[in-house]
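Contents: one structure, followed by commentary.
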Number of protein chains: 2
Amino acid sequence: MQTTTQVKTPVVGKHVYGELYGVDEELLRDQEKLRKIVIEAAHIAKMHLVEVNSWKFKGGDKEGVSVIALVLESHIAIHTWPTYNYATVDVYTCGEHSDPMAAFRYIVSQLAPKRFTVNYSDRSYR
Amino acid sequence: MQTTTQVKTPVVGKHVYGELYGVDEELLRDQEKLRKIVIEAAHIAKMHLVEVNSWKFKGGDKEGVSVIALVLESHIAIHTWPTYNYATVDVYTCGEHSDPMAAFRYIVSQLAPKRFTVNYSDRSYR
């Protein structure tokens, strides 16, 4: 008698993140534009977008915009500090076919930083 | 005549993240409990909590809970895969006095994984 064993598909998680320097100050204050960039980035990464939330903070050292998108089951986040022309980006995706680096590259192309860092972390079940 | 130069405070960002294995399946399905853990973690990390969002996914390989909290100006995220007893945790905080490792430790203590990984990334303006 032949028996089959069900092999659980492992959870594949990929997390690309980085820091962007020398970004245009006004762009980093433009909540609507940043939302659109995140939505398009999710599309480019082949992520299933569930919800996008964003916030604009005003005044003092905490001025800036945060956009966080939930995707199935991970997230994209952009946090900005316009007075420092600075932003941080996280593109964390799940699934073998997702492409977080493509999404990260798209975000960088849109924010056009003078310089940036990029890091990768494997968030898979191992 | 003495002149003073205003020194901009650099953006201090600290990101602790990890993978948790062997977590109780029912706990990883308990959206309300996971929300409470994230809220308490934000408090422990001395983070200014702005909003907590959570989602529960049902069915198939995508079953699980996601909790994402926006804090000023960064985030905490827990994503869970109950059928694999697996969860990933991100605690990304801003400000010199924030303590993301304390928040991460708290989350681990509450989820009680059989084993876990932890990583740290400096997200500061450098």
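Cβ atoms are placed via backbone N, Cα and C, with glycine included.
DSSP gives B:Ser74 (active site, schiff-base intermediate with substrate) a strand state. Under a cutoff of 8 A between CB atoms, and with a sequence separation of 6+ in the same chain, the neighbours of B:Ser74 (active site, schiff-base intermediate with substrate) are B:Gly13, B:His15, B:Met47, B:Tyr92, B:Thr93, B:Cys94, B:Arg123. Among the features that Swiss-Prot reports, active site, schiff-base intermediate with substrate is placed at B:Ser74, with the record citing sequence analysis.
The C-beta environment of B:His79 (active site, proton acceptor), restricted to residues of the same chain at least 6 apart in sequence and closer than 8 Å, consists of B:Gly64, B:Val65, B:Ser66, B:Ala87, B:Thr88. Under the DSSP three-state reduction, B:His79 (active site, proton acceptor) is assigned to strand. Feature annotation from Swiss-Prot assigns active site, proton acceptor to B:His79; the stated evidence is sequence analysis.
What Swiss-Prot lists as active site, proton donor is B:Cys94, and the listing cites sequence analysis. DSSP classifies B:Cys94 (active site, proton donor) as strand under the three-state reduction.
Summarising the annotation, Swiss-Prot assigns pyruvic acid (Ser) to B:Ser74.
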Cβ density check for B:Cys94 (active site, proton donor), other Cβ within 10 Å (all protein chains) comes to 27
